[in-house]
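Copied over from TrEMBL:
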- GLY15, PRO16, VAL17, GLY18, SER19, GLY20, LYS21, THR22: GTP binding site (BINDING)
- 11-181: domain 'CobW/HypB/UreG nucleotide-binding' (DOMAIN)
Amino acid sequence: MTDQDRHVLRVGVGGPVGSGKTALVDALCKRMRERYQIGVVTNDIYTREDQQFLIRSQALPEERIMGVETGGCPHTAIREDASMNLSAVDDLCHRFPELDFVLVESGGDNLSATFSPELADLTIYVIDVAAGDKIPRKGGPGITRSDLLVINKIDLAPYVGASLDVMARDAEKMRGERPFVFTNLKTGEGLESVADFVVRQGMLHD
């Protein structure tokens, strides 16, 4: 099988502004880069701020992190017209034919944003406790249909009056058999479960 024939796993990371998408991408890269060859595509509306954050954080070598300036609505660039992102993924795969997977981080959006099946083989949707414990029951494709729901910033629950039990109950109700995980990405709590999910569901070599 040639490098051109080999399909590189693409993992879409979506969620509202400030939920922790970039923090998750950063943490996954640092956790998995010793074992796997990784590339990243970030989406911002008018800047490349997330790309620059990951470069400064040294999540990966700079040339493995591509930034896409979407303009307009960020969900359009991951769903209705994913051409810029598909081109960025193809570019990474061409330059680094040994890649095992590419993380595609969407621009911050609302609960209705979804990834085009062309662009993402697996989808991770990140919400945060600070937005309130009602978020899981509000639903939307990100909550109900993502392959993995990440509920981040659990350390803030006592300060915003959010109940993790309520969030877990509502997540189970809205998602059925689809998994979810609680995380505190500042400390790394829950990160192992997210990384294991990518390996297992993405059928990466162990």
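Glycine is treated like the rest: Cβ placed from N, Cα and C.
All features noted in TrEMBL, drawn onto the structure.
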{"residue": "GLY15", "record": "GTP binding site", "Cβ within 10 Å": "27"}
{"residue": "PRO16", "record": "GTP binding site", "Cβ within 10 Å": "19"}
{"residue": "VAL17", "record": "GTP binding site", "Cβ within 10 Å": "10"}
{"residue": "GLY18", "record": "GTP binding site", "Cβ within 10 Å": "15"}
{"residue": "SER19", "record": "GTP binding site", "Cβ within 10 Å": "25"}
{"residue": "GLY20", "record": "GTP binding site", "Cβ within 10 Å": "24"}
{"residue": "LYS21", "record": "GTP binding site", "Cβ within 10 Å": "29"}
{"residue": "THR22", "record": "GTP binding site", "Cβ within 10 Å": "24"}
Give the sequence-ordered set of same-chain residues, not counting GLY15, PRO16, VAL17, GLY18, SER19, GLY20, LYS21, THR22, with Cβ within 8 Å of the centre of the Cβ atoms defining the GTP site.
GLY108, VAL126, ASP128, ASN152
